[in-house]
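Structure record follows, encoded as structure tokens.
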Ligand SMILES: *Cc1c(COP(=O)(O)O)cnc(C)c1O
């Protein structure tokens, strides 16, 4: 069949460029130590930054949620799928980040990908005079959300405030939306949020902050990037994901209640999809308690110790570190095949580190992306340091 042949030729091209992606099947709960194909591995590749994904209290809360609410929600939020657990979670999330917003309200989603589609389409829905200003290293879901919105999209270079200022000044759009990751997922650095917010307020633009990697992990109370930078503004539209540091799954948007009501009324990625199982919302309530409590504080402190340990221990000459103070620690190798070989060599030694190639990162910047978790011990991080230092010299 010619159609199949065409697809097959495209797959072969990917294979030739070392761009074929393969999945590994994990046989254990997510955590620092996992088993794949019967082999024990030390994993430095999940986004479970606080080590909560396998936490017994959350598994118990999920079981309790299932006995209270059953399994499926059965419908979209606007029909009959919006349950008590969803409502409680929205209230709790609005409180969680509400100190940084005006008239805060929160809205939950099944995934961060969908939340980002919903925000960017919702803020610009039916508005022929809208422009989205998107940071060049933004997550794929923000790029796709901007495309789906059909608004004009202008991309500004990474962390380039002057370029953004010029774009905003030149724009005649009535609705301006600046959108950025807070922690860049493949680089680990932080967006200059205070300066970005000042620019947005000056130009009358929304600032949409995707805090997928900051929620739960940043801030003294785990409230995320807005707490980390002590920001507060009615111009802020906040997106946090609940499947990374929070250890469960799903996402939410928090913003002024009028923004949230607009998303409920107009955002197709919110309206036309089945609500998440309510038991997940119930488990998330327990996760928020952990994040805000003593345990969350201790886990964030331990994670910071591990980041400092890695920073002090890595002595690389050819490979490039990126300046990152977060759990995301990239090591840029450049060449796709060399990056894949480095990843494979670590895997042979029982260390699982993500090898990231284009198009996830720009051409010529293939890298190892090591992520640390509060679930790691300092002996385990020492093992990673030794392996990376030795591997670079071979
Ligand atoms: C993971 C991630 C998302 C998507 O969130 P999911 O809940 O996994 O769909 C969005 N933005 C960024 C920056 C992410 O890292």
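For all residues, glycine too, the Cβ spot is worked out from N, Cα and C.
Counting Cβ atoms from all protein chains shown, residue 139 (substrate binding site) has 24 others lying within 10 Å of its own Cβ. The substrate binding site annotation in TrEMBL covers 21, 139, 360.
Annotation source TrEMBL lists domain 'Aminotransferase class I/classII large' at 40-388.
Within 10 Å of the Cβ of residue 113 (pyridoxal 5'-phosphate binding site) there are 19 other Cβ atoms, across all protein chains. According to TrEMBL, the feature pyridoxal 5'-phosphate binding site maps to 112, 113, 185, 213, 241.
In the three-state DSSP scheme, residue 244 (N6-(pyridoxal phosphate)lysine) falls into the coil class. Under a cutoff of 8 A between CB atoms, and with a sequence separation of 6+ in the same chain, the neighbours of residue 244 (N6-(pyridoxal phosphate)lysine) are 47, 48, 49, 212, 213, 215, 216, 217. Residues or ranges marked as N6-(pyridoxal phosphate)lysine in TrEMBL: 244.
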Rounded Cα separation (Å) that holds between residue 241 (pyridoxal 5'-phosphate binding site) and residue 21 (substrate binding site): 24
Lowest local Cβ density among 185, 241, 360, which the record lists as binding-site residues, within 10 Å: 360
Between residue 112 (pyridoxal 5'-phosphate binding site) and residue 360 (substrate binding site): CA-CA distance (Å): 17
Winner by Cβ contact number (other Cβ atoms within 10 Å) across the binding-site residues 21, 213: 213
